[in-house]
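Structure first, commentary second.
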């Protein structure tokens with residue numbers, strides 16, 4: 001038997017805590033803050049270019065406040081742990097290797113207020129040109145949006161609606177700035193600003209009136225209170241109406257997805273049911289975090305791939321086999337045992353495979369027993385442990401390997417235990433399914449038998465180097 005002490009010490013060592021847990025609620029909240037802070041670029045640049053012709057300080061100060069968020073974000077991002085094969089890596093080296101150098105350079109450039117050079121030089125052209133450097137913050141917007149979309153638990157309908165609302169008012173803001181500018185450049189000639197007697201009013205009042213006109217035009221697709229008088233104004237209004245048509249369709253489809261997201265809701269319900277039982281039984285916080293990490297990992301890596309097996313029975317057999325073969329193509333490409341198998345055999349195996357996810361410390365197979373299933377591992381690291389508890393080797397699923405095939409095919413007793421070192425993605429084939437496939441395709445048994453014998457020969461050659 002393998003003691004708990006040996007299990008905890010095999011292939012594992014405690015790494016010094018350096019980074020921030022990426023799944024901490026406050027860390028996820030920061031992604032929302034940076035998402036909306038990055039969105040401000042789409043507000044700031046059009047507004048500065050159209051309304052802030054005098055370079056007034058009251059418009060510069062809010063920009064500096066937003067810059068401070070991006071400055072703080074550098075240190076937070078560079079200290080945030082990463083999820084690697086289901087295991088959170090909080091050490092400095094793992095975090096540093098995850099973020100490419102070009103991305104780090106962009107992160108360091110983003111908070112620098114280059115536009116202040118134009119402000120203090122009182123050169124408005126230079127000010128507006130340097131302001132364009134803020135478009136680099138779109139990379140941070142992309143990163144934040146990716147994290148938010150792939151968050152399973154903390155995201156909510158309110159979050160989706162708020163992002164939808166932000167998109168709407170941003171479109172209205174950009175259109176309002178463009179329409180105001182077309183009226184402003186015509187002064188003192190006839191324009192919508194002169195016809196509505198807005199010329200003498202403060203620019204901020206003009207802006208809000210413009211937003212009102214654009215909002216009614218976008219939301220009613222052309223039936224608002226907006227009346228263009230010049231050719232540039234007509235062109236802008238046409239563009240606004242086109243935007244209104246596309247946004248209306250986008251709005252409806254997004255609202256439907258918010259109300260009904262079956263794959264995510266089904267997956268989340270599974271987590272919530274188990275989580276409620278954990279809370280009722282007063283399970284420790286560390287176990288709750290491990291449960292959440294498991295569901296986050298499975299959601300991010302597989303999504304609803306397992307749903308295929310729930311709906312496959314409704315499909316024609318021929319279509320089932322084609323889809324199953326395509327679904328498991330990565331397995332057949334990685335695992336050596338399938339290299340020379342024909343398509344008919346692969347289709348039969350694909351129909352029988354079932355996805356499994358193992359957490360760190362889980363046994364895939366145990367020594368001293370006859371296995372009733374074999375596993376085709378495609379992701380994660382697995383420790384092979386001798387009956388005495390010593391580490392024989394560490395197999396990496398990145399290149400693909402098989403566990404338990406000698407026992408399933410020949411009825412042999414398993415010689416070494418296989419324990420998940422990280423989160424492990426594998427596909428399970430039971431002995432009953434294998435026997436049924438082997439009866440229909442005898443060549444499969446011959447191929448696996450030759451593979452097993454060749455692997456045994458390789459293992460014998462490696463034993464002197466691995467057993468110490």
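Easy rule for this one: first residue shown is 1, then count along the chain.
Heads up, the Cβ atoms here are built off N, Cα and C, so glycines get one too.
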Feature transmembrane segment in TrEMBL, mapped to one of the ranges 122-142, 143-163, 164-184: 164-184
Which of 59-80, 101-119, 204-223 contacts the transmembrane segment (164-184) most, counting Cβ pairs under 8 Å: 204-223
Close approaches to the transmembrane segment (101-119) from elsewhere in its chain (Cβ under 8 angstroms; 6 or more beyond its ends): 55, 60, 63-64, 67-68, 70-71, 73-74, 77-78, 125-131, 133-134, 136-137, 139-140
Counts by DSSP class (helix H/G/I, strand E/B, coil) across the domain 'Cyclic nucleotide-binding' (337-437): 25 helix, 40 strand, 36 coil
Per-residue pLDDT averaged over the domain 'Cyclic nucleotide-binding' (337-437), given as an integer: 84
